[in-house]
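Heads up: the structure comes next, in structure tokens.
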Amino acid sequence: MKKIILVAGGTGGHFFPAVALGEELIKRGYEVHFITDLRCKQYIKQDMKVIFHILDLKRSGNIFLFLPRLSIAVLKAIKLLYNMKSAVTVGFGGYPVIAPMFAAIFLRVPIIIHEQNSYLGKVNKFFASFAKKIAISYEKIKNLPEFAKSKIVVTGGVVRENIRELKVIEMSSRGLTTGSKKSLIKALDSVVKPRNDKLFTIFIFGGSQGAKLFSELISASIQIVMQKQPSLELNIIQQAALDDQVKIKDIYSKLNITYEFAEFFDNMALQYKEADLVISRAGASTIEELTYIGLPAIFIPLPSAADNHQYYNAKLLEDKNAGWCLEQNNISAEKLADKILDLISNPKILEAASQNLLKRRKEGHKLLSNLIEEVI
């Protein structure tokens with residue numbers, strides 16, 4: 001049985017797509033090993049079928065501290081990869097992949113890199129010259145060196161299986177009208193619970209890097225929404241830290257809004273199933289999941305994201321009328337409230353965005369697996 005090594009870490013946005021790819025490769029008969037870091041250890045579940053290895057590399061702004069750490073990590077990675085004797089190593093970008101990728105190059109193991117964002121990250125750009133192939137999620141990608149263009153294969157992003165199992169209801173059957181709607185999506189193998197068709201559900205989450213701003217900004221926006229349209233029947237599903245939940249619950253209760261809170265949603269499919277609109281960051285895995293099921297979103301890109309890649313992700317969708325990009329530095333509760341009200345009042349705009357999302361949907365788990373098999 002041939003072995004394949006996947007390398008991803010740092011955030012859930014890198015981790016979960018790599019796990020989804022691993023599950024597809026296991027179905028094809030490969031033994032899949034996954035090298036990740038301590039930050040992603042929290043996401044590892046017993047039912048995941050890939051074999052995990054923790055190899056941590058702590059970042060430091062001091063080059064004299066970082067280089068010794070990197071050297072030690074590379075030596076550990078060389079030992080690990082040598083014992084595995086893998087056929088290929090696939091890196092998903094970010095600093096946690098640096099040591100294993102250097103080890104693969106040293107051992108002459110073929111490497112493939114996958115860029116999930118619309119902007120080629122620094123680590124992936126560095127390893128582009130060593131890669132056999134460069135898989136990308138977007139048809140157009142910024143920061144790509146000229147020499148690397150011949151290595152490009154558009155595979156799309158890799159979406160988790162439980163998200164792929166969500167079924168998109170045909171546009172003609174959605175029945176979305178102002179004040180009356182149906183669920184946009186439903187689980188293939190589950191019974192959809194009865195619900196109030198007049199209820200408009202917004203799913204709010206800030207990604208694996210936290211949602212402090214969302215707790216403050218969005219609760220203020222919802223207050224404005226309800227002040228402007230008191231008859232609106234609103235349901236909020238929101239990621240929020242425990243210390244923020246008490247305050248937000250008090251606000252929503254006074255507004256007679258139904259709500260559900262969690263610090264972290266383990267099964268996003270359940271929340272996607274209920275939502276009519278999403279408000280979120282613009283990480284690559286979030287965008288790919290929403291694209292796959294055609295669920296429209298207002299994106300508030302994380303301004304501190306490396307190379308501002310979240311802004312480029314969201315702007316690309318906005319330019320294709322497949323979403324809305326509101327920059328954190330320019331946003332206000334009033335602006336966000338106006339956008340929410342505009343979309344609730346104009347369901348055809350939501351339908352059009354959903355259709356445009358579905359136009360760029362790809363079976364990334366299959367296409368990337370096919371590419372790996374070509375390299376092997």
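Each Cβ is built from the backbone N, Cα and C atoms, and glycine gets one as well.
In Swiss-Prot this protein carries:
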{"type": "BINDING", "residues": "Thr11, Gly12, Gly13, Asn117, Arg160, Ser208, Gln310", "note": "UDP-N-acetyl-alpha-D-glucosamine binding site"}
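Between the listed binding-site residues, namely Thr11, Gln310, the fewest other CB atoms within 10 angstroms of a CB are found at Thr11. Gly12 (UDP-N-acetyl-alpha-D-glucosamine binding site): 20 other CB atoms within 10 A of its CB, across all protein chains. There are 26 other Cβ atoms within 10 Å of the Cβ belonging to Gly13 (UDP-N-acetyl-alpha-D-glucosamine binding site).
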